[in-house]
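S.K.: Pasting in a structure now, in structure tokens, and then I'll have a few things to ask.
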Amino acid sequence: MRQMIDLSLYLVLDPDLCEPLGMVETTRRAVAGGITAVQLRHKTATTEEFIAIGKELKEVLKGTEVALVINDNVEAAHALQADVLHIGQGDMPVEEARKLIGPEMILGLSVERLDLVKQVDASQVDYIGIGPVFATPTKPDHKPAIGFDGLAEIAVASPVPTVAIGGLKAEHVAQILEAGADGLAIVSAICGQKDVTSATEEFSKLIKEARS
Ligand SMILES: Cc1ncc(COP(=O)(O)OP(=O)(O)O)c(N)n1
Ligand SMILES: Cc1ncsc1CCOP(=O)(O)O
Ligand SMILES: [Mg+2]
């Protein structure tokens, strides 16, 4: 039985947007602010680079409950014994990813449209990333934005927990949770913010308030 992670406040790292602090220091400050998961997303890194940064992230996360997610790179996820691998529809078949990571690692899958959620196999996939909710320059090749209504349709149809992604800011927290998502995945509203810890605390506070 896989140990599910807390999707509430899920930081997705971007090496450029995390400047000048860098991804590791950004993570340290975001952990202090209350993130529940962090994804190493680096679209140009080699596997060796992925593993080197991942090791530093593991040091930062040691003794915390914050889950380490590796985006795209199965080999790095395996080498790092990461908590989670996240893949998109075009990365590799879910069955292949599950075979490569084994039965224990959490597997996340991106879902951009309602028809795709109907194909999600809950015996293989542990959560889905739904979006983009809004258009965002962080991922120039993103699929069309789905808005709160599109998010709600997919979240209600999902057989597994969900995290919303794409253009999310603190002002969206209540509506994202009302739409049925279990959490928010954030890049630019945390990475590169002047005060990473307080930007994270703001999300964390609003999530707690929306749930109370
Ligand atoms: C939590 C989460 N949701 C969606 C994505 C996007 O994954 P993908 O579609 O594979 O695109 P890339 O991030 O690999 O460019 C994600 N990374 N995380
Ligand atoms: C990785 C990803 N997948 C869909 S949108 C996105 C980027 C979200 O970035 P931001 O939070 O800065 O809009
Ligand atoms: Mg991907």
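Glycine is treated like the rest: Cβ placed from N, Cα and C.
Unlike curated entries, TrEMBL annotations are predicted automatically.
OK, TrEMBL features for this one:
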DOMAIN    9-190  domain 'Thiamine phosphate synthase/TenI'
BINDING   Gln39, Leu40, Arg41, His42, Lys43, Asn71, Ser110, Lys139  4-amino-2-methyl-5-(diphosphooxymethyl)pyrimidine binding site
BINDING   Asp72, Asp91  Mg(2+) binding site
S.K.: Using the alpha carbons only, what distance in Å do you get between Asn71 (4-amino-2-methyl-5-(diphosphooxymethyl)pyrimidine binding site) and Asp91 (Mg(2+) binding site) once rounded?
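M.R.: That separation, Cα to Cα, works out to 10 Å.
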S.K.: Taking Arg41, Lys43 as the binding-site residues to compare, which has the smallest set of other Cβ atoms within 10 Å?
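M.R.: Per-residue Cβ counts within 10 Å for the binding-site residues Arg41, Lys43 bottom out at Lys43.
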S.K.: What are the non-local neighbours of Gln39 (4-amino-2-methyl-5-(diphosphooxymethyl)pyrimidine binding site), defined as same-chain residues 6+ apart in sequence with CB under 8 A from its CB?
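M.R.: Those within reach of Gln39 (4-amino-2-methyl-5-(diphosphooxymethyl)pyrimidine binding site), by Cβ under 8 Å and sequence separation of 6 or more, are Tyr10, Leu11, Val12, Leu13, Val69, Ile70, Asn71, Val84, His86, Ala185.
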S.K.: How long is the line from the C-alpha of Asp91 (Mg(2+) binding site) to the C-alpha of Ser110 (4-amino-2-methyl-5-(diphosphooxymethyl)pyrimidine binding site), rounded to the nearest angstrom?
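M.R.: Pair distance, Cα basis, whole Å: 10 Å.
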S.K.: When you measure from each Cβ to the nearest atom of ligand 2, which of the binding-site residues Gln39, Asn71, Lys139 fall under 6 angstroms?
M.R.: Lys139
S.K.: If you count CB neighbours within 10 Å, which one among the binding-site residues Asn71, Lys139 has the smallest count?
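M.R.: Taking Asn71, Lys139 as the binding-site residues, the minimal 10 Å Cβ count falls on Lys139.
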S.K.: Would you mind checking how many other C-beta atoms are within 10 angstroms of the C-beta on Ser110 (4-amino-2-methyl-5-(diphosphooxymethyl)pyrimidine binding site)?
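M.R.: Neighbour count, Cβ to Cβ under the 10 Å cut-off: 20.
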